[in-house]
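Q: So TrEMBL lists the following for this protein:
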{"type": "DOMAIN", "residues": "B:63-177", "note": "domain 'ABC3 transporter permease C-terminal'"}
{"type": "DOMAIN", "residues": "B:551-652", "note": "domain 'ABC3 transporter permease C-terminal'"}
{"type": "TRANSMEM", "residues": "B:17-37", "note": "transmembrane segment"}
{"type": "TRANSMEM", "residues": "B:57-79", "note": "transmembrane segment"}
{"type": "TRANSMEM", "residues": "B:113-142", "note": "transmembrane segment"}
{"type": "TRANSMEM", "residues": "B:162-183", "note": "transmembrane segment"}
{"type": "TRANSMEM", "residues": "B:204-224", "note": "transmembrane segment"}
{"type": "TRANSMEM", "residues": "B:236-262", "note": "transmembrane segment"}
{"type": "TRANSMEM", "residues": "B:289-312", "note": "transmembrane segment"}
{"type": "TRANSMEM", "residues": "B:542-564", "note": "transmembrane segment"}
{"type": "TRANSMEM", "residues": "B:598-620", "note": "transmembrane segment"}
{"type": "TRANSMEM", "residues": "B:632-653", "note": "transmembrane segment"}
Amino acid sequence: MPSIMQASHIEKYFGNKGNVTKALDDLSFDVEKGDFVGIMGPSGSGKTTLLNCISTIDTVTTGHITINSQDITKLKKKHLEKFRRDELGFIFQDFNLLDTLTAFENIALALTIQGEKPSEITSKVQATAEKLEITSVLNKFPYEMSGGQKQRVASARAIVTNPSLVLADEPTGALDSKSSRLLLESFEKLNQDLDTTILMVTHDAFTASYANRILFIKDGKIFNELVKGQDTRKAFFNRIMEVVTLLGGDADDVF
Amino acid sequence: MYFKLSLRNVKRSFKDYAIYFLTITFAVCLFYSFNSISAQKAMLDLSSTQSDMIDVLMRMIGAISVFISVVLAFLILFANRFLIKRRQKELGMYMTLGMSKYHISRILVMETFFIGLMSLAVGLGLGVLLSQGLSVLTGALFKVDMNAYEFVFSTEAMIKTVIYFGIIFLVVMVTNILVMSRYKLIDLLTASRKNQKLKLRKTSTAVIVFISSLILLGIAYGMMLEYGLFYDIAVFWVSIALGAVGTFLFFFSLSGFLLNVLKKNEKLYYNHINMFVLRQINSKVNSTFISMTIICLMLFFTIGVLSTGFSLKESLEKELDQTTPYDATLYDYVDGEEVGTLKEAFNNLELNEYGDTIVFTRHRTDERIINYLKPYSTRDSNKFLDQDRGVDLEVMKRSDYEELVKMQGKEPISLKGEEVLLLTNRTNLKESIRHFVEQEEKIKIRGESYPITSKGMQMLSTKTDSVAMEFMTAVLPDEMAEQLPVFSVTLNVQYEEGKQGVADEKVQEARRMLNQRSDLSTHVLGTTKTGAYERSTGTSAVAVYIGVYLGIVFLISSAAILALQQLSEASENMERYSMLKKIGVTQKGVHQSIFKQVFVYFMMPLALAIIHSIFGIKVVNDALLTAGQSSVLLPSFITAGVIIIVYGGYFLATYSGYKSIVK
């Protein structure tokens, strides 16, 4: 499997002289094409910073991030915008749908920004909507939809452009458990059927259990890595819970 | 501490306050300058009539200023509400820190006070500068010479400005306190997170309403073009009302209609983020169509008044040159025995010690002029003949005609035998009568047929009046004219040089005296040339002056409302734009989208106002061409310049403010 994303020795410092916080501390990992990677970690572990750096919203202090054989740490601002548009798809915790547009238009927007031919748009949006089972809400406005529907529309927007990498930041954070389950099943389906590469940040073990591989981050470093392998989701979930318990603090810290 | 906090707030949020501050400053500046006219009198060389006119103007401006201050009060309240809305989160934070509502209100009151004080000071400063220039305008409008330049400063106007704006600021403060006391903390803190619900209109409704709005506007334009400006005041108001309703329906349905049409055009709709821009505009216009309508009508008023007011005034004055050939005129409509009494009375006035006098009679024919002119009507005369069916042909003696023309220092057309000459002083009848005398050999008056002179017709006024009312007069040989019943007796005086002042008074006195005589049953009318001029220029100057005042205030209000509506939307849109950036829209793309949005929003009411104005100006221009010749071209360009500067300035300020809010 070719590697679609590589992070090598990335570091991110905040603050100034005399008062430096290392948000990311010499972090390295690879994501292969068709992978579904979960990133877990407690608050303040640096997982959002990591996501921001990968998504080119923020820049690393040192190190390199390569996506689709392009070193994004070396790209100019103008190219970054183009890169973000063409290579990445985003799913956010609070959906980030434009409330003035219908679901259809929200999805189509990702295509029009890329300069897609108008004639192609309808068919592409329809096809993606079918995969995510949202064809019935395409003509509705965000305020007319449930949270789960909104998040699936947002997901459709993220994948309709066929990005190299889909970045999901706490996608289930604002959903109830039923909607979460539906959404994650769609993710699984996208990952298996379309070979979509997904990088998902979450602190919820249940959500993470849908991934194939999980990186645990603590204090800016990779603390542990779990691979689902041939496990059932339930077994994988239990393994995740073990690590989460460990992550919560060493027994030494308590005493 | 609170003092410091509010002072720092004003400094910090200067960008937000910029439009607010600018608008109030402009308002203060205009308010002061237009109210300082009485002080400008010092610089102008005014006659007593003109001085009276300025006093009338002062009173009218005083009254209009009350109205204007109400408009400005609403504008400032609106702007203030925008500022408060923008700072809800900040105010919420103060509350969570434990500040009481009372203290927050105090901060707001102090901020209003600072801004008020600052803009009042700057506005008054600018106003003093502007009023220097304004006195030049005053002089030009009233046709008076400027005395040596004097620095104009009106304490009275300053006090008035301070009091009026002081009251407005008090109202603003009280509203702020009321608004604060009604806020709940949770609303303040989560203010930015509310999702706007969209009002949607059905496509079919939008299309029907849109088409009917176009029909209404079409009817309004058609009526104006067909009947012109002076046909009938009722027709005028009906077409204005139709136009206003049409404008309202236009904006009511515009965005829904446009969106649906543009959606059909996939190339445009699915091009970059056009979709988003269109939806933004759509939702904004959908909720602001009332203010759009008002703004459009205000702009129409501004453009109309600024571009036609001066020309209209000028052409009225040009007409006046035509209708005031003598220094003074007295006349009366009489018949029977009174003719002799009046003639004698006129001759005994002893006005000939001030110059040449002439007393002459006009005679009745009971022949409608429409019967002569109908086959030769032109577009101009048609309108006139239609409404004045009852106007009769009048007759005067050839000897009187010759003497009257000589008194004007011109050479009379020489007439032989029974030849008839036709006269008029109405521009809109000139062409018709000219055609008539060219085509017809003879004219029939009361059964008698007279040959028409081959030397054409003549534009001539036989008395001094402020309006042209001598429709059509036939000059007949004396003996033939005398057989007709007398219709009116007129006295004209042409002063000798240097006697104008005394003579004017003498004429007025003579008129009063005649009207007190018991043996004359009717009322003697008449005017002096000076009187006609001063009244006419004075009245039109007052109208133009007030038009300009209102026009500029309307222009600034329109631009400010649009700017504030856009900026208040900017804060709501901050999140939408950051979303767009997250999904890959470039900074440039965001700026383009903002530009398009603000531009379209500013242009929509202006565009319709311009279309309204094109028709309006055309109608006025037509009316002017028939009255005196005067073009609206130059004033139109000047108006365009004023609008580009003020409106464009607000547009740019809004665009850059929007960008910095979204950043």
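Cβ coordinates are placed from backbone N, Cα and C, and glycine is handled just like the others.
Curation does not apply to TrEMBL; its annotations are automatic.
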Q: Are there three or more C-beta pairs under 8 angstroms joining the transmembrane segment (B:162-183) and the transmembrane segment (B:632-653), sequence spacing 6 or more?
A: no
Q: What same-chain residues lie close to the transmembrane segment (B:204-224): Cβ under 8 Å, and 6 or more beyond its ends?
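A: Residues 235-236, 238-240, 242-243, 245-250, 252-254, 256-257, 260, 615-616, 619.
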Q: By DSSP, what is the split of the domain 'ABC3 transporter permease C-terminal' (B:551-652) into helix, strand and coil residues?
A: 92 helix, 0 strand, 10 coil
Q: Sort out for me which stretch, of B:113-142, B:236-262, B:289-312, B:542-564, B:598-620, has the most Cβ pairs below 8 angstroms to the transmembrane segment (B:57-79).
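A: Most Cβ pairs under 8 Å with the transmembrane segment (B:57-79) come from B:542-564.
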Q: Answer yes if the transmembrane segment (B:598-620) and the transmembrane segment (B:17-37) have at least three CB pairs under 8 Å among residue pairs 6 or more apart in sequence, and no otherwise.
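A: Contact between the transmembrane segment (B:17-37) and the transmembrane segment (B:598-620): absent, because fewer than 3 Cβ pairs are under 8 Å.
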Q: Is the count of Cβ pairs under 8 Å between the transmembrane segment (B:236-262) and the transmembrane segment (B:162-183), pairs 6 or more apart in sequence, 3 or more?
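A: These two stretches do not touch.
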Q: Any chance the transmembrane segment (B:542-564) and the transmembrane segment (B:162-183) have 3 or more Cβ pairs under 8 A, given the pairs are 6 or more apart in sequence?
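A: Between the transmembrane segment (B:542-564) and the transmembrane segment (B:162-183), contact is absent.
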Q: Averaging the per-residue pLDDT over the domain 'ABC3 transporter permease C-terminal' (B:63-177), what integer do you get?
A: 83
Q: Could you tell me what the rest of the chain brings near the transmembrane segment (B:162-183), counting residues at least six beyond its ends with Cβ under 8 Å?
A: 24, 27-28, 31, 65, 69, 72-73, 76-77, 80-81, 84, 88, 91, 101, 104-105, 108-109, 112-113, 116, 120, 124
Q: Take the transmembrane segment (B:289-312) and find every residue of the same chain, 6 or more past its ends, with a Cβ under 8 Å from one of its Cβ atoms.
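A: Result: 244, 247-248, 250-252, 254-255, 540, 543-544, 547-548, 550-552, 554-555, 557-558, 561-562, 565, 604-606, 608-610, 612-613, 616-617, 620-621, 623-624, 630-632, 635-636, 638-639, 642-643.
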Q: Counting by DSSP secondary structure, give me helix, strand and coil numbers for the domain 'ABC3 transporter permease C-terminal' (B:63-177).
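A: Its residues fall into 97 helix, 1 strand, 17 coil.
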